[in-house]
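Structure record follows, encoded as structure tokens.
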Amino acid sequence: MLSRSRPGKGVLEQALLLLVVVVLLQGSVLPLGAVSSPDISHQDRKDEHAVAIHSHNITKKPFPVLSVDYQNIQTPFEIALWVLLASLMKLGFHLIPRLSSIVPESCLLIVVGLLVGGFIRLAGEQVPPVLDSRLFFLCLLPPIILDAGYFLPIRPFMENVGTILMFAVVGTLWNAFFIGGLLYAVCQIQPSELNQLELLHCLLFGSIISAVDPVAVLAVFEEIHINELLHILVFGESLLNDAVTVVLYHLFEEFSGAGEVTVLDGFLGIISFLVVALGGVLVGAIYGILAAFTSRFTSHTRVIEPLFVFLYSYMAYLSSEMFHLSGIMALISCGAVMRPYVEANISHKSHTTIKYFLKMWSSVSETLIFIFLGVATVDGPHAWNWTFVTVTVILCLVARVIGVVGLTFVINKFRIVKLTTKDQFIVAYGGLRGAIAFSLCFLLKKEHFPKRELFLTAIITVIFFTVFVQGMTIKPLVELLAVKKKQEAKRSINEEIHTQFLDHLLTGIEDICGHYGHHHWKDKLNRFNKKYVKKCLIAGERSKEPQLIAFYHKMEMKQAIELVESGGGSKLPSANPSTISMHSEIEKIKMWKEILKSLYYNGKIIKKPTCFFQT
């Protein structure tokens, strides 16, 4: 019996032959005259016999076997090297659990950047300007913010949005003017070259250094596993303070060039803040709706579903930056708006692709940012002044503490769940600075801001202090203060169902009492979403089941998929789960509706429902 040859063998041989030919031909392209022109002696042109002899002895250049053309692939090759270095460093840190448990990953990455920059400098080469502002804002920052916005926990964010806005808007304004004003006063007292600093320059520096950095907060807070409330407060503040920082930055930059500030300029600055913040949210929401609408028609082309999510999000960011709106807020709103509709339309494989590609992309970007920050520190330029740098670090700490304590005193008067002293300490201590401040300062023009190098040095010092000192000590302090940690276990289906049940119940109670709180408006928004928006943005048949039963089936399917992904498919029940318990929950809801009807008739309260508020 004849043995069959492997079907791929001939194809493999052809591919190898083609590869050899390409390598041999690389760099062998010469000018046309280099081969075709004979090397003929011109000493005796009249002698035809000599010409004939020379014509048979033509000398050709040797055929190149291997050539090097590094300039052609320099940029993509160096990008690949940086990404490879970042990935290897991230892998190496987690292989040494004792080191990663003591020192945060962000600190180790900055140290790696310092070492790389130092080696380049010792080798006599010029350190490349790796942390360019365009590279940071257009390539490295968007994936981190998109990952945070797409997977943003909407419920805790919306329940604490008032507190977050107070810290992000009022707190950032307080920090900017407190740091800038006192820094200017210190510079006037100190008899030195600092006397040349103008008030507007100090206020501009204060606006740059006052904002909490989302990249630094994510890097540290995800390692200490703080509880959901504190995490969403600090991280939400770092996201929403972008609008304040952008407005103050451009405002003081324009004022520094104008030389005169009027009341009208201040009024226009307030309007500019509203335009930047709300404009960014609006642009992001529009692109999010477009992404959701596009995903309705991708059932036959599943392979490009993740691409629409990434493209629409990035276009939202670029469109906002084009009009000097808040690109961060555009990405947050785009991700939050599109997610529920996109996930209802796309396949499970596309959802998994989006999830892991975003996590990978944001992780690599975050790693590169901290490495580049270390390299840029070695690169400089620096202008050291002990007074300016020391006062800047102290003022950042004092302003943060006073701002958090003062705002919490006001906020707690309106909160049901008060922020404790421990909570205030963690919020104040978690105000980390990062590469956003460095990049904004790097954009300043030397001719307009002669102390630009001094500002850069002070900002790098503050970043290193917050990341190394506060970042390394916050985990032991959380353990020492016994601050509540994040619950690692996921909520069960039963918990999710009863949460929905309580939301409906509290909505009814608010209607009876005539108090239109957030449960009432949340219910109105959900009804509008279900009646109008979902019909336009979600493809397929709508479920006819009651809302709680439909939600139960959705959670059941989600839990089953998570079990299969984690390798726990054997734990799945062999038969379909019963919905008897869900029908009993529906009966309970009907009973509560009858009770509410008996208490509330024709727009008037018949009987005061005191039993609902008894503990």
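In case you wondered, yes, glycine gets a Cβ from its N, Cα and C as well.
Sequence annotations record features per position, and here TrEMBL assigns domain 'Cation/H+ exchanger transmembrane' to 84-479.
Positions annotated as signal peptide by TrEMBL: 1-27.
Beyond the transmembrane segment (79-96), the same-chain residues lying 6 or more positions past its ends with a Cβ under 8 Å from any Cβ of the stretch are 105, 108-109, 112, 116, 130, 363-364, 367-368, 371. Positions annotated as transmembrane segment by TrEMBL: 79-96 (among others).
Annotation source TrEMBL lists transmembrane segment at 103-123 (among others).
The annotation transmembrane segment is assigned in TrEMBL to 135-152 (among others).
The transmembrane segment feature in TrEMBL is assigned to 164-186 (among others). Long-range contacts of the transmembrane segment (164-186) within the same chain, counting only residues at least 6 positions beyond its ends with a Cβ under 8 Å from a Cβ of the stretch, are 157, 194, 197-199, 202-207, 209-211, 232-233, 236-237, 239-241, 244-245, 248, 387-388, 391-392, 395-396, 398-400, 402-404, 406-407, 410-411, 427.
The annotation transmembrane segment is assigned in TrEMBL to 198-220 (among others).
Counting same-chain residues at least six beyond the ends of the transmembrane segment (267-293), those with a Cβ under 8 angstroms from any Cβ of the stretch are 240, 243-244, 246-247, 250-251, 308-309, 312-313, 315-316, 319-320, 323-338, 341-342, 345, 536-538. Feature annotation from TrEMBL assigns transmembrane segment to 267-293 (among others).
The transmembrane segment annotation in TrEMBL covers 354-376 (among others).
Same-chain residues lying 6+ beyond the ends of the transmembrane segment (388-412) with a Cβ under 8 Å from its Cβ atoms: 162-163, 166-167, 170-171, 174-175, 178-179, 182-183, 186-187, 194, 209-210, 418-419, 424, 427-428, 431, 433, 454, 457-458, 461-462, 465-466. Residues or ranges marked as transmembrane segment by TrEMBL: 388-412 (among others).
Beyond its flanks by at least six residues, the transmembrane segment (424-443) meets 131-133, 136-137, 141, 167, 205, 208-209, 211-217, 220-221, 226, 230, 233-234, 245, 249, 369-370, 372-373, 376, 396, 400-401, 403-405, 408, 452, 455-456, 459-460, 462-463, 466-467, 470-471, 474, 477-478, 481, 483 of its own chain at Cβ-Cβ distances under 8 Å. Per TrEMBL, the feature transmembrane segment maps to 424-443 (among others).
Feature annotation from TrEMBL assigns transmembrane segment to 455-478 (among others).
Sequence-distant contacts of the transmembrane segment (135-152) (same chain, at least 6 residues past either end, Cβ-Cβ under 8 Å): 214-215, 218, 235, 239, 309-310, 313-314, 317-318, 321, 327-328, 331-336, 338-339, 354-355, 358-359, 361-362, 365-366, 368-369, 372, 435-436, 439.
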